[in-house]
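Chemist: Structure incoming, see below.
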């Protein structure tokens, strides 16, 4: 959410930020709506002040027995009452329209974000690891999983429809091992607090993180008007909502392992084979709540935490700085981690780490008070996948496959697999 005062003070800078997103100028419309709202509020306040003054005079007129003056004053109060009602309705109308406009606008990009239209314009920052040279043609994760008899898309489709999977045996255990490994790493080495959050949230929560109102079609809604979480970012970030936090309590770093639910409404025909794009998938999420001064450094730190997961899993990856046309709605700056997929001979996204500045905090009214200062300020929020468990499983299968179809378990996961070194059919 954007601050209308900042837009009034810096309309050209605001429009320039929108232009980086490929959007037309909006400041003039927003400022006009705000002016109409403030004019209505001014009329309401003036009428309220005048009515209060007349009310005192009515009492005096009644006490003195001046019936004509009493009736005149009462008639004037009735007129002011109508003005109050009309101006109040106008103020509420303009406030609602203004907030609808503001809520539909994405965050403005950081000055460091490269200009671009889509993922083709993203900028590679660095790489880690070399893709393994295999003496055989690598198989994709679907072929590997089905050959092991432990990945069942057919039965999952009979139960739930397309874009679902049932994992069994060693692969089900591998999925659990990956999540436990990631949680242990983030909590014991990276300083995150583990949270077990709700999987269903209210409108206010998904509005706060920016999925509503613009992306409702990407979500699943229950019959009692809850939303299934598309990511643990939603409940974790909202733990800071409607609170003034002490500076001494910051940063807050939280992590959670949850299922995520997405309709993939805009992904028809994309990644229809396999586990890359499912309606339900598992993910370990990281969320940081920080002061504005810490925001940029925290993004680098968070990205490094996600990178450590991939390094310990011995998975080659690259870090991409997203361009203005590929960033998420609430993001101010984003790094994507893309892991090597041998069967596709390319890198695929496995983690996305973003700083949102105060964009989400304004929507949630999440603030902090600096030591020694009376007036609170808005927090900065960050989120990142640490990492997507399903895609990590896919990457482990493909990068650690053997010619006979077995999977070598990375050393970091073996303690979580009861010492098992291979998954075999």
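For all residues, glycine too, the Cβ spot is worked out from N, Cα and C.
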Chemist: Among 147, 160, 162, 385, which residue does Swiss-Prot name as a further L-serine binder in the site formed by 231, 232, 233, 285?
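Modeler: Answer, per Swiss-Prot (L-serine site with 231, 232, 233, 285), from 147, 160, 162, 385: 385.
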Chemist: Taking the residues the record says bind ATP (262, 263, 264, 349, 350, 351, 352), how far apart in Å are the two Cα atoms that sit farthest from each other?
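Modeler: For the residues that bind ATP, the greatest Cα distance is 19 Å.
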Chemist: Of all the binding-site residues given, namely 231, 233, 285, which is spatially nearest to residue 263 (ATP binding site) at the Cα level?
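Modeler: If we rank 231, 233, 285 by Cα distance to residue 263 (ATP binding site), first place goes to 231.
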Chemist: Considering all pairs of residues in 231, 232, 233, 285, 385, annotated in the record as contacting L-serine, what is the maximal C-alpha distance expressed in whole angstrom?
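Modeler: The span, Cα to Cα at its widest, is 9 Å.
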Chemist: Want to know which binding-site residues, from 231, 232, 233, 285, 385, are within 10 Å of residue 262 (ATP binding site) at Cα; which are they?
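Modeler: Cα filter at 10 Å returns 231.
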